[in-house]
Amino acid sequence: MPPKLLTYLILALLAASAAAARRHPSPASSAAAGEPVYLWPLPRNFTSGSRTLLVDPDLALDGQGPGGAAAAVAEAFERYRSLVFSPWAHAARNASGGYDVGKLTVVVASADEKLELGVDESYTIYVAAAGGVNSIVGGATIEANTIYGAIRGLETFSQLCVFNYDTKNVEVRHAPWYIEDEPRFAFRGLLLDTSRHFLPVDVIKQVIDSMSFSKLNVLHWHIIDEQSFPLEVPSYPKLWKGSYSKLERYTVEDARDIVRGKGYPKLWPSPKCREPLDVTSNFTFEVISGILSDMRKIFPFGLFHLGGDEVYTGCWNATPHVKQWLHERNMTTKDAYKYFVLKAQEIAINLNWIPVNWEETFNSFKENLNPLTVVHNWLGPGVCPKVVEKGFRCIMSNQGVWYLDHLDVPWQDFYTSEPLAGINNTAQQKLVLGGEVCMWGETADTSDVQQTIWPRAAAAAERMWSQLEAISAQDLETTVLARLHYFRCLLNHRGIAAAPVTNSYARRPPIGPGSCFIQ
């Protein structure tokens, strides 16, 4: 069935069954009197009813449309089915076969699987009982323009499915459901730092899986920094000798697998000046070009973060040959910093990367930055308004509210921080790509990284996905907190070590016995 026709049928059905379903013009409403809608993040619009439907443990996938048969859709369906149903669910199947939802129809309008910033992640869901007036679309249907929208819809559908411990059935409560959803921001990121502490590949994959549960869509993998260089770069194979140990490295194959899902002392100005790199040497920029070229083969995405923050240029003046180079060109160290950043940008752009730089570059020489530059805020509030006013794009990561390693920042601050604060011009608002919560790794490794990320990252995730009017209208201490408790418990059930929500200090374990839903 063509997607447009399907939409018309759904809307016609909603009109016909208005007596059974209650309309929620804003997702801040509840599915039942006094009960929050336990979906995270909140959808854009939805309707719900008063029926409870049983879902068949042998739920079948019916992929339709040009992209409905894509392997990614089938794999995601199997992944979510395993999350929703216990391993023994089939053995406990109702012998009478009296299930309301036995098939999930996924209609995808496009077979294009290209993943890029701004890809369409919108979707609609309809869930109703099989048979009778509610059977026009046959049980449960997800409609999307792309496979990525379909996968977002599968996450929401999985959250509608709740296990009943009394009957041992999976149920969809408050049916029939009609959900129409799309993200507010295209860029909804999580920075993961593996340079301060090595994280095994399986842990990185777990983080990526957990991101999908709250509909975050960008992993900013901060692989290398001053402390370690754990990544294999084929063009310069000595670089990863800068890893902490030979057992704490990422091969090219590791990097490719994650996507699917003390080497060169000549770079230093001197043995006593190892940071920043030698701005006078052509070899420095040859290595940068080699790294970016190799990374282009591994990471098929548009953005590459070139850094540029907290650059201490003092040792350049203390290194004779660099000082001489600056003198010959009548340059200050600030001039050399600009020269370095702009040259790195040029290399990246020539390799079809979109350069991302920390806000210090904008603060220091905004008039010289390439127009393609995406400025990444981190120092504090009020930066994105200045950035977009100059025509640049911006990503918000205000350290005071969206740095996960700041353990004293409560979930409420993550939730209420607004990427568009101070930006009233509609055209300038569109230049804010979104935001990114940052998991810097100085005090996090495999032992505590997940509980440091979650559930506070989920609070920011809803801010970036859901409509501002809906989430701003909610009461933090009742509607939002109850749903965040519930989502944290969902993460725990899915094997994600999310910490209690209301800890006064993030990632601490529970302080005593009690329910997951109120800690």
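Cβ coordinates are placed from backbone N, Cα and C, and glycine is handled just like the others.
Here is what TrEMBL says about this protein:
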| type | residues | note |
| --- | --- | --- |
| ACT_SITE | Glu310 | active site, proton donor |
| DOMAIN | 39-160 | domain 'Beta-hexosaminidase eukaryotic type N-terminal' |
| DOMAIN | 185-259 | domain 'Glycoside hydrolase family 20 catalytic' |
| DOMAIN | 275-467 | domain 'Glycoside hydrolase family 20 catalytic' |
| SIGNAL | 1-20 | signal peptide |
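Looking just at the domain 'Glycoside hydrolase family 20 catalytic' (185-259), the mean pLDDT is 87. Using DSSP to sort the residues of the domain 'Beta-hexosaminidase eukaryotic type N-terminal' (39-160) gives these counts of helix, strand and coil: 32 helix, 37 strand, 53 coil. The helix, strand and coil residue counts that DSSP assigns across the domain 'Glycoside hydrolase family 20 catalytic' (185-259) are 25 helix, 14 strand, 36 coil.
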